[in-house]
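Lifted from TrEMBL, the feature list:
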ACT_SITE  A:His47  active site, GMP-histidine intermediate
BINDING   A:6-13, A:31-33, A:48-51, A:Asp80  GTP binding site
Amino acid sequence: MTLVLGGARSGKSRYAEGLIEAQPGPWLYVATAQGWDDEMRERIAQHRARRPPPWVTADAPRDLPAVIRRAPPGRPVLVDCLTLWLTNVMLDEAADLPAATDALLESCRAAAGPLVLVSNEVGFGIVPENALARRFRDEAGRLHQRLAALADRVVLVVAGLPMILKGDHA
Amino acid sequence: MTLVLGGARSGKSRYAEGLIEAQPGPWLYVATAQGWDDEMRERIAQHRARRPPPWVTADAPRDLPAVIRRAPPGRPVLVDCLTLWLTNVMLDEAADLPAATDALLESCRAAAGPLVLVSNEVGFGIVPENALARRFRDEAGRLHQRLAALADRVVLVVAGLPMILKGDHA
Amino acid sequence: MTLVLGGARSGKSRYAEGLIEAQPGPWLYVATAQGWDDEMRERIAQHRARRPPPWVTADAPRDLPAVIRRAPPGRPVLVDCLTLWLTNVMLDEAADLPAATDALLESCRAAAGPLVLVSNEVGFGIVPENALARRFRDEAGRLHQRLAALADRVVLVVAGLPMILKGDHA
């Protein structure tokens, strides 16, 4: 299991794709984006256009743990990205965030094949004035810490270049 | 002297604690937070709950240099965090920021025992629209540069994992 | 060619200067700032005051590729900073951003002497509420990825300390 962190437009998705494509296919791309508005729908379209077969796509804006659990044994899985999944869960009033993150951690622990999780590092700016943004930033940081403790490798991508935070440099 | 930088909820406080707890106790925890509102008071309570004896706590929302100077010789000291101290000094109209930062640097230079300073790295976002936030970001960056030049070790914590910027990897 | 990234007040300009000053002079400092307001004019004045001869200064708030191309062969060139150049191009309704970034990449590729480019890493915060800020953040990220792929060395400066992302540690 590899956790790939990076800023906006840091090249983290492309780097994570490269990790998966180094494995034998087919590869499962788990998309967590939800097309709330045109800007978001355009980003989703761009991401999909980069992934023709042997990529297979699954959507998991909220049921991410279930989608990871149901992946065929041994299949390489790319989740892009956790930040959007966390946003979707936080905006869903019916959702139970602690239970959802526990389920996510459990599904990662149980994954049989290569699993690469992409997420935005969002904690290096000034404290946001918006209370929801502050809460989101806190939850993202906590989730990253838990996943990083579990992961075999953690990578921070800056300007398309990987910095290895945990695991092998190979 | 060690400077521990990190984003929000990056695990920097926990990492810094580990550095101090590797030394013989008792350990002095210097808290710089001021309970302006419920959100802040809750964070302070969470931080204290993590530090039973042999932790000893001192509050230094503004008189940080004096508290560092008065620590018993050889006692390991953890300051958490500089960002809040800087905020408190900047919001205090009676305070002299250049004199306060000079005094802080001097107290760090004179410290006899292990000293670990925790601070938020806040300069990696978009330029804030708020002028005070911009000024704060500039002052924090300048303070970090001066402390990093003085420190034996500088560590950037991301997702609970340390990246060594200066000093030994041990 | 070296790309120096860093947050606000991270010491990235000073670090980049050191790289250039290790070369035989004179050195060309290419300033991209435009004095829109007092805050900006004060920053420009501070930057210039740090660079007496053998520094030679050229202004390139928009025509950066041309200024890089016209530098005398072999002369060390410091561009500080790309973030402001990108801002100026994005705010100029007559400008063609894709053409301008292609021209910048081409001028860097053709540079005969040592070239050091300084830019702000701005993608590690919460998604900005302002649409222009979001677009700027995306364009800056894309530009950094392209330049990093071309550069011989890429360095991230934190608290005045360099982290080497690409190239030699020497």
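Placement of Cβ uses the backbone N, Cα and C atoms for every residue, glycine included.
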Task: CB contacts for A:Ala49 (GTP binding site) [other CB atoms within 10 A, all chains] - done: 8
TODO: Whole-number Å only: compute the distance from the Cα of A:Lys12 (GTP binding site) to the Cα of A:His47 (active site, GMP-histidine intermediate).
DONE: 12
Open item on the list: Sub-8 Å Cβ contact with chain C: please pick out which of the binding-site residues A:Ala8, A:Ser10, A:Ala49 have it.
Closed with: A:Ala8, A:Ser10
- [ ] Round to a whole number and give the Cα-to-Cα distance in Å for the pair A:Ala33 (GTP binding site) and A:His47 (active site, GMP-histidine intermediate).
- [x] 10
- [ ] Between A:Ala31 (GTP binding site) and A:His47 (active site, GMP-histidine intermediate), find the distance joining the two CA atoms and give it rounded to the nearest Å.
- [x] 9
- [ ] Go through A:Lys12, A:His47, A:Arg51, our recorded positions, and report the one whose Cβ sees the most other Cβ atoms within 10 Å.
- [x] A:Lys12
TODO: List the Cα distance (Å, whole number) between A:Ser10 (GTP binding site) and the residue listed as 'active site, GMP-histidine intermediate'.
DONE: 14
